[in-house]
Amino acid sequence: MTDTRNGEDSGKLLYCSFCGKSQHEVRKLIAGPSVFICDECVDLCNDIIREEVQEAQAESSAHKLPSPKEISGILDQYVIGQERAKKVLAVAVYNHYKRLNQRDKKGDEVELGKSNILLIGPTGSGKTLLAETLARLLNVPFTIADATTLTEAGYVGEDVENIIQKLLQKCDYDVEKAQMGIVYIDEIDKISRKSDNPSITRDVSGEGVQQALLKLIEGTVASVPPQGGRKHPQQEFLQVDTRNILFICGGAFSGLEKVIQNRSTKGGIGFGAEVRSKEEGKKVGESLREVEPDDLVKFGLIPEFVGRLPVLATLDELDEAALMQILTEPKNALTKQYAKLFEMESVDLEFRSDALKAVARKALERKTGARGLRSILEGVLLDTMYEIPSKKDVSKVVIDESVIEGTSQPLMIYENSEPQAKAAPDA
């Protein structure tokens, strides 16, 4: 096989045997026995082979379903704590995909039902991260929907069918793949009924959305336009069966612990209410573990909706020790991410242990859980990340407690010189 370029070997104009382009239209033309192929066709062939190999690998991994212990072990690498929630999720997801693998077998009279999942936990406790990690582990399409943007059909806002459309977009509109996917609906507590009493005004973003989600979560054939939603009614609709899509709903359910405490506190009114102070001493996570379906109904979810989410997992509030672990231990820990950013500038980044404690304390004060850690670090490192690319002689940056508290600037160590630190700006 020879490389032919610009007609150097002969005066005859040569063409690619596959796409028909001449040797002047391509960068390179490779000659074989009586055939020619251009560099563009070679690239195309490589892409086709790569896609087919990836699909084959995805299929083989889909048949190899990890055990609940293996699923929980992989979740441990990304999510700190929340052991019970991991166990509940691992078993539920394992049973769900085991059910899908068995559904085509003939002669089995027992039909296995779908078990959708409800995650309850304070903000920043890891609900979304758990769902994302599960989808990545199982190599299935995954999408996140925000319940607060959903409205009933016919009103301004997103239809519930838009959730399935987003899932289709994640897998290039492959309906078969989408039907095996995972949908995470966040802020599900925000669509609770505004009141226990019936109202003459229509609650289009609360109970109305719950009613619209019922069939979708339980299993129905949703008609989804390839693009544009309501704006292009003339488009041909795709039919997506949601019976095998796993729905995970998550929410902070602020105030649910009070509903639980009111139920579990027996007797005692007036002078007999001493029991309540004991109950109020419980952490939110401890109270949430005692949640029952009736508590969710009192909170504002309709009974039919609660019934469609039989698997319930509660997450605990993160304490200072857990937040410190989150900063350093997971595969994608924040300190590792920022260290990588600094490494790209050939600078080492070091966090002292007292700095990590200070960051964890600040996040606890803000009550934002793990989600608040990034914003704290971003604020602390902003000036340093602004300056470092312009300084070629910095070899290391050290962050201690005083930097987190704002009383001093990060310590910069320069090559072949003594450590230097800028004075804190005057307040």
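From the backbone N, Cα and C atoms, a Cβ is placed for every residue, glycine too.
When averaged over the domain 'ClpX-type ZB' (4-57), pLDDT in the model lands at 83. Summarising the annotation, Swiss-Prot assigns domain 'ClpX-type ZB' to 4-57.
According to Swiss-Prot, the feature Zn(2+) binding site maps to Cys16, Cys19, Cys38, Cys41. Under the DSSP three-state reduction, Cys19 (Zn(2+) binding site) is assigned to coil, being neither helix nor strand. Within 10 Å of the C-beta of Cys19 (Zn(2+) binding site) there are 13 other C-beta atoms, taking all protein chains into account.
Counting only residues at least six positions away in the same chain, the Cβ atoms of Leu318, Ala363, Thr368, Gly369, Ala370, Arg371, Gly372 sit under 8 Å from the Cβ of Gly124 (ATP binding site). Annotation comment: Swiss-Prot describes Pro122, Thr123, Gly124, Ser125, Gly126, Lys127, Thr128, Leu129 as ATP binding site, evidence class sequence analysis.
Sequence-distant neighbours of Cys41 (Zn(2+) binding site): residues of the same chain at least 6 apart with a C-beta under 8 Å from its C-beta are Cys16, Phe18, Cys19.
Distance from the CA of Cys38 (Zn(2+) binding site) to the CA of Thr128 (ATP binding site) is 47 Å. Scoring each of the binding-site residues (Thr123, Ser125, Thr128) by how many neighbouring Cβ atoms lie within 10 Å, the top position goes to Ser125. Summarising the environment of Pro122 (ATP binding site), the number of other Cβ atoms within 10 Å of its Cβ, over all protein chains shown, is 22. Its Cβ placed at the centre, Cys16 (Zn(2+) binding site) has 21 other Cβ atoms within 10 Å.
In the three-state DSSP reading, Leu129 (ATP binding site) counts as helix. Secondary structure from DSSP puts Cys41 (Zn(2+) binding site) in a helix.
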